[in-house]
Structures are given as structure tokens and as C-alpha cells.
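Comments concern the structure below.
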Amino acid sequence: MSKITSSTLRTFKQEGKKFTALTAYDASFAGAFDSEGIDVLLVGDSMGMVLQGHSDTLPVTVEEIAYHTRCVRRGIERALLIADMPFMSYATPEQTMINATTLMQAGANMVKVEGGKWLLESVAMLTERGIPVCAHLGLTPQSVHVFGGFKVQGRDADNAQRILDEAKALEAAGAQLLVVECIPAPLAKAITDALTIPVIGIGAGKDTDGQILVMHDVLGISSGYIPRFSKNYLKQTGEIRAAVRAYIDEVAQGIFPGSEHTFN
């Protein structure tokens, strides 16, 4: 079983092969997702909401992400493992380096940061020092209070152009992957077409190179607000591994996300 790397994902993009990602927080679920063929696993700061019961992701700490990264690492053999850098853990380049090192030493293959042009120096610094970076644009949940809630981004021409420009700048700075969240599908397609690095969408239409969802949404065990872009695969399959396979198959076939999961 060949390990997934950023080079693998670039090859998928070049070949037009859609890939899938899920969040994971422990060895058992991560192992199941890995063995069924999920390509990318994210130890997300979404744990603040789905594991810890907070209303947003802001309370999550580097130590908590590192702990769960170690757990997931022990359970997987194939998938690329990304660790989220939580709120205010990368406010300065120096702080970014210290905390990213902690997460890489915990077993991550890559770290993910939310934000645009203000991150360019940190992205370049990490890349130059051997720490791969996944960037994240659009709805960046750590900025929920700036946005005034979990709202679709990039609907007007100026903001759409800004997001596209930031995507190009982050790639130029060295980012190896990009997540785009809750942006109009045409904008996501424009970004995907403009970049050579793979683009992973969540609530961004079907034209991105890959898709990511929160595992609790895929398994229908999220409490409270259920995002429009999510889909409960356990409901239609009745078994966890079958749910994961259905998600992988629907992404590969271009069935998911459908129009009901997409913003325009």
C-alpha cells in the first residue's frame, strides 16, 4: 500500500482523479478511514465543536491538536496526515515555527493555517525549513467573529478577486495544498484551474481536486447545526465503513457534492 504524499495528490490533480479527505481524532476511526481508502486525514480544530462541545473552534490548543495527531498517527499507514494550527498559534513567524514543529514531531505530514496574504512570510519560512503547509481560504472558522458568523465568502466581485489573488500568492510562497471553504462554486473552479497545487473543497462545489468533510457529519452524529454542504452517508448505508466507501465513490463519480450542497 503506497503512502499518500503531496506529490501523489499533485499527480491526482494532473490526471483529473478526485480524492477524498476526512477529519479524524483517534486511532480507531482513523484506521478505519485509512483502510477504506481516504487519501487525506485532518486532525482539525473542529474538535473544539464536535468533541469538546464549544460553539466555535477558538478554545482548541496546540497541545490538544498534538495529542490527537499522535493518536491518529498510530492508527494509519497510507493517508497523508495534516494537523490544524489552532487559533493564535501562528500569529507571528517565530510562534508559527515553534508550534508547527510541535505538530510535525507529533506525527503530522503537513500543517494547515487559515488566512491570506498576512501569512505569506510564515508559509515561506515553514516551507524553506522543511515543514509542508496547507493553506485555507474562504470561510476560515477561526475568524468567525470577524465575519459575523459562519457565512459564505467571496460572493461579490471584489472579495472573489481577493480570494483568488491570495490563493495564487500562497502557492507562490510555497503552500503545497489549499482548502477552500464555503465559497461559490464558480470561484472555487477558477482557483482550482489557476493553481498547480491541489485544491480541496468543503462547501465549494464539485470542481475542486478533492473534497473534505467532518467525520461527524458523514456519520450523522453531529449535534446542533448541520452544515448545508455536509451529507450523512451512514443514514444511507447503515455501516461506518460502507458510509466511508460511499463518500469516496460519490466524490470519484462527481455525484457529491450535488447542487444542494453548493453555493452560487
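Here, residue 1 is simply the first one shown, and the rest follow in order.
Glycine is no exception: its Cβ is also placed from the backbone N, Cα and C atoms.
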Besides Asp84, Glu114, which of Asp45, Asp156 does Swiss-Prot list for that Mg(2+) site?
Asp45
Within 10 Å of the Cβ of Lys112 (3-methyl-2-oxobutanoate binding site), how many other Cβ atoms are there?
24
Look at the recorded positions Asp45, Asp84, Glu114, Glu181 and tell me which residue has the greatest number of other C-beta atoms within 10 angstroms of its C-beta.
Asp84
Write down the Cα-Cα distance for Glu181 (active site, proton acceptor) and Asp45 (Mg(2+) binding site), rounded and given in Å.
14
